[in-house]
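Record features (TrEMBL):
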type	residues	note
ACT_SITE	66	active site, proton acceptor
DOMAIN	35-216	domain '3-deoxy-D-manno-octulosonic-acid transferase N-terminal'
SITE	135	site 'Transition state stabilizer'
SITE	213	site 'Transition state stabilizer'
């Protein structure tokens with residue numbers, strides 16, 4: 001009965017929102033991208049994959065953060081299950097672009113909307129032997145369709161942030177029957193596991209695997225990183241401000257004169273979180289009357305053809321997928337989404353390189369990771385009014401900053417192992433994939449690690 005109400009509500013929302021969606025599609029390219037795939041038109045390249053006879057594993061990673069998190073897992077799945085074909089879906093355009101670049105366009109597609117006919121089309125065409133969901137992509141029709149077809153569903157890197165927890169609690173009656181359809185849930189932390197059980201996940205199906213992001217290493221140096229190194233002569237140092245949101249760029253620019261006064265050889269790499277804001281951030285930089293360049297102006301150019309950077313310049317990182325590598329050259333990193341009430345972004349990317357990290361006070365989306373770093377004195381938390389002071393302290397006190405960065409690296413390395421634990425769980429599930437549904441649930445049961 002609850003699925004009937006869900007689908008009626010979904011249909012009503014589609015009808016009521018149709019004018020808005022049509023207007024957005026007419027005016028904004030990203031709303032048109034992959035529309036056919038989202039509505040259930042399965043690309044021919046995926047149908048041909050199914051025709052090859054290899055059993056399919058379907059992995060869904062919603063956006064850029066999830067794609068980055070599963071990058072190592074994708075490699076390990078291919079190694080562990082060489083007789084299977086791994087197909088990868090995303091929801092956002094930026095996630096789609098990054099996944100195509102990292103994993104190959106022939107096996108990447110847009111995830112269908114959670115409409116019964118769209119979900120049915122993909123399940124019929126792909127006939128996956130297993131569905132893997134990254135983090136908390138719980139879509140009722142997709143999960144119900146898998147359950148009816150006896151397709152096991154594993155959730156990896158599962159988490160419920162402080163921000164989203166109240167919303168999940170309000171819809172607990174919806175989640176309980178949905179989460180009962182899962183085969184295995186691998187949570188990032190014990191707190192996430194407890195919340196999932198409270199929502200209705202059978203306790204025997206939930207275990208703590210750790211955070212996949214601790215296992216992610218920059219696979220190779222990005223082109224932008226090599227270019228920045230090449231054109232940073234004369235002892236220039238980099239402040240890398242990553243995943244910034246509206247309001248944070250202005251705060252950084254307000255602090256910029258003070259930072260330059262403390263370290264005249266400083267260059268800032270500014271990486272807005274959302275590509276649609278690249279142009280407006282460029283306008284903000286011009287209005288602030290700072291010297292700045294676009295990273296995209298250098299794309300695919302040899303490093304020796306790029307003009308040298310000058311002290312005080314700002315590099316606008318208006319490309320996707322290069323930030324994680326660029327953190328490696330930072331003297332100090334600021335991780336955005338944290339000065340504004342957005343829950344913060346991932347501090348692990350700079351931590352892996354031993355870079356000292358500064359964030360704002362809003363980090364609910366990454367609370368467990370941030371607390372691990374904070375306990376080891378491996379991160380600084382600063383509100384807007386103290387941002388310049390904290391950054392200056394780290395820029396001036398280089399030994400203290402270096403020690404702080406090394407502590408961050410140790411925290412990163414001590415938390416590794418989630419990928420191996422996830423692969424073990426997936427292997428157990430596939431081993432039982434031809435058994436009745438009750439046996440599939442037994443395959444999902446495991447003791448939580450101590």
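Backbone N, Cα and C atoms are what each Cβ position is placed from, and that goes for glycine too.
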Largest tally of Cβ atoms lying within 10 Å of a Cβ, found at which of the recorded positions 66, 135: 66
In three-state DSSP terms, the structure that residue 135 (site 'Transition state stabilizer') belongs to: coil
Under 8 Å by Cβ from residue 213 (site 'Transition state stabilizer'), same chain, sequence gap 6 or more: 68, 69, 157, 346, 348, 369
Inter-residue C-alpha distance, residue 135 (site 'Transition state stabilizer') and the residue listed as 'active site, proton acceptor' (nearest angstrom): 8
